[in-house]
Amino acid sequence: MGLEEKLPGGVLLTTVEKLANWSRRSSLWPATFGLACCAIEMMSTGAGRYDLSRFGMEVFRASPRQADLMIVAGRVSQKMAPVLRQIYDQMPEPKWVLSMGVCASSGGMFNNYAIVQGVDHIVPVDMYLPGCPPRPEMLMDAIVKLHEKILAGSVSGKVEHTKVGSAPYPKPIEVATAWSGLPAGAVDTRTLSVNDRKRFSLPEDAPVPAGRGAVEPVLDERRPAAIAPPSVFGRGKRVPVDAKPTDESRAGGPGPSTETLTDD
């Protein structure tokens, strides 16, 4: 006499892991995290034509504490990298990450100092989706494959993701130096502010690199004159840019001691 003869009809036997993973797969709530044009395809997937709600994913949450899946749709800039990591840390376990499009997966066409060359430098990625941008059918296929991975997972402890490098995420200047082909220790001034850029600028007597040609310096005396506000230098007065107002000029007098040009 088998076990099925002792149990009443309608009883289904399964394991706790299968039941828990089935529940996770059937109620996967994505976080609202569209970064670029791939987000348009992600929104189309959630609309009525493709109906992502068939997979229990129609609820896009604006709060990371209520989301299970982060769909990184679009390229990740250097300034967005710490924000993305913070949102990922705020998501409760278990959580998954889907990299949508080549820009999110590897930087895509934006191979420069401003874009992170792959979101897996910041967060662990469970599913990579190619395309520029991927169609809604491709996103749904990636989600189905992620469902299969969730069903095969374990409920004990944390969910195993693809590992991120053990080193902390580098600063933008360090990343730009590594990606731009500059020698070690060099600084890519494109990532600096205007004030910091002056500290790394070449001196006036520095030799010009070969192939670039000499650049004629702009002398102070060649600067064009600017029309000063009437409240400072008097109405209709034209003075050099470097000229400073005097007490006499404030009262509408002849102006600063330097040469003053009139409208005549």
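Glycine residues also receive a Cβ, built from the backbone N, Cα and C atoms like all the rest.
Copied over from Swiss-Prot, here are the features:
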| type | residues | note |
| --- | --- | --- |
| BINDING | C37, C38, C103, C132 | [4Fe-4S] cluster binding site |
| REGION | 201-264 | region 'Disordered' |
| COMPBIAS | 239-250 | compositional bias 'Basic and acidic residues' |
Once DSSP output is merged into helix, strand and coil, C132 ([4Fe-4S] cluster binding site) belongs to coil
C38 ([4Fe-4S] cluster binding site) has how many other Cβ neighbours within 10 Å of its own Cβ?
27
Reading the DSSP string in three states, the entry for C37 ([4Fe-4S] cluster binding site) is coil
Among C37, C103, C132, all listed as binding-site residues, which has the most CB atoms within 10 Å of its CB?
C103
Residues close to [4Fe-4S] cluster site centre defined by C37, C38, C103, C132, Cβ within 8 Å:
A36, A73, G74, R75, M100, G101, V102, A104, G108, G131, P133, P134
